[in-house]
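*Asks:* Have a look at the structure that comes next, please.
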Amino acid sequence: MKLMALQLLLWHSVLWTVQEATPLGPASNLPQSFLFKCLEQVRKIQADGVVLQERLCATHNLCHPEELVLLGHSLGISQAPLSSCSSQALQLTGCLRQLHSGLFLYQGFLQALAGISPKLAPTLDMLHLDIADLATNIWQQMEDLGVAPAVQATQGTMPIFTSAFQRRAGGVLVAANLQSFLELAYRVLRYLAEP
């Protein structure tokens with residue numbers, strides 16, 4: 001039964017990835033300086049995320065996030081959607097909002113991981129600051145375009161870890177989900193930066 005549930009979750013994850021990989025619509029008129037700065041920030045966050053994943057793997061031998069999918073579901077660790085960024089008709093306003101909301105979600109997840117390990121604290125802090133900086137840049141761009149919502153998104157319910165293992169496993173899942181989110185965000189930003 002557990003194997004069937006895991007297979008179903010992995011199948012859903014594959015479909016989500018395929019859906020997100022569909023071609024984008026026409027490019028926007030976003031400032032190149034904004035796009036290039038965001039691309040640079042995404043690459044830095046990705047590098048920090050890889051460091052977090054490698055340290056979790058080396059220190060706690062948690063190297064396979066796919067093995068933790070069921071636990072992540074029960075803990076409430078979800079993937080942030082980017083459906084407005086990857087449809088055939090790219091919705092620029094919706095895409096910027098989803099990018100911002102997703103970054104805000106991952107900030108909350110990283111806060112929930114506080115105390116995971118003294119060795120990982122600097123990496124978590126750096127990730128949190130870099131994600132906050134990118135989210136701020138996207139919010140400012142939305143304000144410049146006049147499409148920022150009246151109120152910023154709220155983080156909603158964050159996972160509560162009842163054991164050290166859950167916190168470490170949560171760290172692996174958050175890092176893996178963040179990397180998937182950033183890969184899609186990078187692809188969208190790079191597309192928008194094309195002449």
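Here the Cβ of each residue, glycine as well, is placed from N, Cα and C on the backbone.
Not my notes, these are from TrEMBL:
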type	residues	note
SIGNAL	1-21	signal peptide
DISULFID	CYS57-CYS63	disulfide bond
DISULFID	CYS85-CYS95	disulfide bond
*Asks:* Rounded to the nearest Å, what's the C-alpha distance separating CYS57 (disulfide bond) and CYS95 (disulfide bond)? Just drop the number here, would you?
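*Replies:* Answer for this pair: 33 Å between alpha carbons.
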*Asks:* Let's check the environment of CYS57 (disulfide bond): how many other CB atoms sit within 10 Å of its CB?
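*Replies:* Excluding its own Cβ, CYS57 (disulfide bond) sees 14 Cβ atoms within 10 Å.
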*Asks:* By a 10 A CB contact count over all chains shown, which of the disulfide-bonded residues listed here is most packed: CYS63, CYS85, CYS95?
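*Replies:* Answer returned by the neighbour count: CYS85.
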*Asks:* Could you measure between CYS63 (disulfide bond) and CYS85 (disulfide bond) for me? Cα positions, answer in whole angstrom.
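*Replies:* Between the Cα atoms of CYS63 (disulfide bond) and CYS85 (disulfide bond), the distance comes to 30 Å.
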